[in-house]
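TrEMBL annotations:
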- 1-23: signal peptide (SIGNAL)
- 300-324: transmembrane segment (TRANSMEM)
- 334-398: region 'Disordered' (REGION)
- 343-357: compositional bias 'Polar residues' (COMPBIAS)
- 366-376: compositional bias 'Low complexity' (COMPBIAS)
- 389-398: compositional bias 'Acidic residues' (COMPBIAS)
- 436-456: transmembrane segment (TRANSMEM)
- 490-508: transmembrane segment (TRANSMEM)
- 536-557: transmembrane segment (TRANSMEM)
- 563-582: transmembrane segment (TRANSMEM)
- 594-613: transmembrane segment (TRANSMEM)
- 619-641: transmembrane segment (TRANSMEM)
- 679-698: transmembrane segment (TRANSMEM)
- 704-725: transmembrane segment (TRANSMEM)
- 737-757: transmembrane segment (TRANSMEM)
- 788-807: transmembrane segment (TRANSMEM)
Amino acid sequence: MAGGAAPVSGALLCALLWVVVEAAGAGPVGSPAPGAFGRVYRGAVNISAERVYAFAYSSEPGQVDAVRVYVNSSSENLQYPVLFVVRQQKGVLSWQVPLIFRGLYQRTYNYQEVSRTLCPSEPTPETGPSDQIIFVDVASMAPFNITYELLVTRLENFQLETNKAFNFTASPSQPQYFLYKFPQDVDSVIIKVVSDVVYPCSVVSVQDIVCPVYDLDHNVEFNGVYQSMTKQAAITVQRKDFPGEQFFVVFVIKPEDYACGGSVPSSIHGNVNRTWNLQRTKNLQVTIVPSIKKSVYVQAMFFSFLSFLSFYLGSVVVAFVHYIRVRRKASAGRLSPEDGSGIMTSSHPITASTPEGSSYGAIDESSSSGGRQLSSPEHRPPAGSDTDSSVEEESDFDTMPEIESDKNVIRTKVFLYLSDLSRKDRRIVSKKYKIYFWNIITIAVFYALPVIQLVITYQTVVNVTGNQDICYYNFLCAHPLGVLSAFNNILSNVGHMLLGFLFLLIVLRRDILHRRAMEMKDIYTLDYGIPKHFGLFYAMGIALMMEGVLSACYHVCPNYSNFQFDTSFMYMIAGLCMLKLYQTRHPDINASAYSAYASFAVVICLAVLGVVFGKNDMWFWVIFSMIHVLASLALSTQIYYMGRFKIGKCYLGIFRRVAMVLYTDCIQQCSRPMYMDRMVLLIVGNLVNWSFAIFGLVYRPRDFASYILGIFICNLLLYLAFYIIMKLRSSEKLLPIPLFCIVATAVVWAAALYFFFQTLSSWEETPAESREKNRPCILLDFFDDHDVWHFLSAAALFFSFLVLLTLDDDLDVVRRDKIPVF
């Protein structure tokens with residue numbers, strides 16, 4: 001046959017001749033003739049003249065042949081288009097010329113050149129050649145002649161090969177698709193598609209071997225898995241999802257670019273809603289490479305768990321070493337063998353617990369305004385008792401005699417000591433801080449359950465619809481497992497949960513040893529060291545575990561709608577760390593759990609509003625900046641005056657109170673504030689927060705959740721740096737363990753932040769634009785940069801918690817009336 005067509009069997013040739021004879025006698029239909037592949041046919045059709053072409057070819061066993069049909073018509077008459085119908089053995093494909101695509105706002109894009117690939121017949125196990133015949137009908141309802149061109153060719157490179165790049169061109173009216181068969185030893189592959197240009201916007205789809213193939217803009221989303229693309233796309237395909245062990249890779253060029261972040265072409269702005277033959281050709285390159293094997297999954301899971309279980313092993317080793325040291329000191333007569341640690345032995349991050357005054361009333365006469373002891377030890381309950389009497393509950397009433405509890409007198413001293421701010425009964429204060437622990441568990445349960453339900457729904461929608469534009473993965477390193485599309489991003493959060501649980505064990509160890517020491521000694525006569533309250537530490541451990549849980553939930557399907565899941569407990573962690581740092585030397589005046597968590601709730605509400613309204617609404621940034629600045633001033637006032645600044649019931653008295661404070665503390669004492677250290681901290685802190693407010697007002701960052709998190713972290717780092725500087729300035733020292741934790745924290749945080757800023761995706765952009773940032777895995781061929789950030793940030797947070805836990809261990813041998821407050 002002409003045009004390079006394959007030889008046709010005698011039976012098929014007889015059938016073609018019969019078709020020609022029958023069609024010739026059909027009158028108005030015209031005289032069809034056997035077509036030749038590679039030959040251009042020109043003709044004209046009208047309402048009474050239809051053309052039929054027959055193309056026959058033969059396929060070898062195991063070979064899949066595809067045929068592509070190119071048609072063209074010079075007519076621009078949309079009322080009488082030329083209709084092309086292709087009849088095959090098991091299907092019919094039809095389209096019209098001009099081919100019409102619809103865009104936004106009823107815009108239309110008309111193309112007079114159309115090229116389509118016909119759905120190939122499924123391979124059969126027949127041993128002999130397979131004969132195929134194709135009929136192409138050309139018709140029009142026009143009362144006048146409309147010319148056309150027809151070209152039918154056989155595709156030589158229809159089947160894609162593994163690890164071999166293939167280049168081709170596509171346009172909206174000339175889509176392309178190809179066949180891929182899984183090799184015997186490959187269970188999963190990654191389809192990588194790249195282009196040198198961003199636009200036109202395109203769609204990559206993976207569809208099963210079923211006819212018809214959906215290869216036009218309006219129907220490509222009807223079947224299979226698909227994602228939009230600018231310069232890069234990647235889809236992971238598993239053999240188990242295709243029973244026939246083969247699939248089609250479909251490439252469609254969209255008529256408009258808005259889906260990929262582009263704008264509507266300028267040529268159709270205004271009242272012009274129709275465009276002809278818009279040039280939107282795109283050169284693409286597709287490469288299909290094998291994905292990782294199952295053994296890599298096992299290695300990655302072992303690596304993840306063993307890496308963090310090594311922290312457990314290290315903790316056990318350190319605990320054993322500390323135990324040996326304690327036994328040696330005990331045998332030397334310097335320490336009682338029953339004591340895990342004592343006031344003469346500095347605490348250790350996993351075993352330290354030093355006895356100290358359970359009542360903070362034993363204040364040295366030289367440092368307190370009262371001249372006598374609050375009460376004698378024999379009139380108090382046993383040291384280890386923790387009753388549930390209502391008398392011990394937190395209330396607005398002080399439990400000390402009025403003459404010795406005048407807080408306004410004590411806290412106005414220029415030089416405050418820890419004994420001045422640790423005067424309340426130990427049991428009441430301990431119960432106050434335990435509320436942090438129980439409240440955060442309640443919050444975690446009520447927050448996590450709907451989050452888990454929501455992300456499961458997201459993942460189900462992705463799996464059912466095949467729309468991979470819903471979730472912002474790093475598709476070049478997204479390894480599926482079961483129903484999860486990116487198991488590696490979830491597995492990498494195991495560190496937060498394991499290290500959070502380890503921190504809880506460390507705190508529990510300290511708590512038990514502390515209680516044991518209290519039971520063995522008359523603790524009320526030993527007012528040494530920082531008061532031991534573990535409620536906030538327990539809350540921090542739970543928050544670290546929940547950060548891992550919620551970060552894993554977020555990475556089930558990361559997108560614009562659920563990003564706050566990944567940051568909510570980060571706000572709480574930063575807030576709890578600041579509260580713990582402040583509580584260390586201000587145990588009696590720290591915020592209650594109810595007010596603290598209420599403040600966190602307000603912050604999370606602002607974060608949600610910022611995600612919704614913070615992109616383009618200037619009014620939101622004005623209001624938020626005002627709230628930010630006013631909150632910073634209010635908090636600064638409370639910190640500077642140790643909670644003594646009261647607005648009062650009459651709101652008109654606010655201005656008088658502010659004027660008096662400014663006059664007495666700024667004008668009369670402008671040469672030197674009453675509390676110089678606190679003033680320096682608060683001035684620097686306010687400058688930092690005002691800078692954040694101005695930055696947000698001017699630049700209006702799109703990632704509002706990270707913007708708020710940055711505010712929290714900067715304030716925490718500023719306060720921690722101030723605390724350490726003041727500690728060293730007060731001739732206090734850093735023991736080896738907290739010094740090691742500080743260095744480890746700085747090093748690990750620096751490494752973690754490096755990987756954090758390696759942006760691999762961004763839900764601030766369209767899915768196609770986000771995929772331009774995708775990069776391959778960097779660790780074990782399984783984890784990407786963001787997974788490494790998860791690993792390192794978990795370790796960094798753990799070391800940060802240990803810093804807060806061990807920072808003041810050197811003060812266990814110092815009386816509280818000698819420990820300065822700052």
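Note: Cβ is positioned from N, Cα and C throughout, glycine not excepted.
Contacts between the transmembrane segment (536-557) and the transmembrane segment (300-324): absent, as fewer than 3 C-beta pairs lie under 8 angstroms at sequence separation of six or more. Between the transmembrane segment (788-807) and the stretches 300-324, 490-508, 594-613, 619-641, the greatest number of Cβ pairs separated by less than 8 Å involves 490-508. Using a Cβ-Cβ cut-off under 8 Å and counting only residues 6 or more beyond its ends in the same chain, the transmembrane segment (594-613) has close neighbours at 435-436, 439-440, 443, 560, 563-564, 567-568, 571-572, 575-576, 579, 620, 624, 627, 704-705, 707-708. Comparing 436-456, 490-508, 619-641, 679-698, 704-725 for CB pairs under 8 angstroms to the transmembrane segment (563-582), the maximum falls on 704-725. Listed as Cβ neighbours of the transmembrane segment (619-641) (distance under 8 Å, sequence separation of 6 or more from its ends, same chain) are residues 411, 582, 606, 609-610, 613, 675, 678-679, 682, 685-686, 689-690, 692-694, 696-697, 700, 711. Within the chain carrying the transmembrane segment (436-456), a Cβ under 8 angstroms from the stretch's Cβ atoms is held by residues 535-536, 538-539, 542-543, 546, 549-550, 553-554, 556-557, 562, 565, 568, 572, 576, 593-594, 596-597, all 6 or more beyond its ends.
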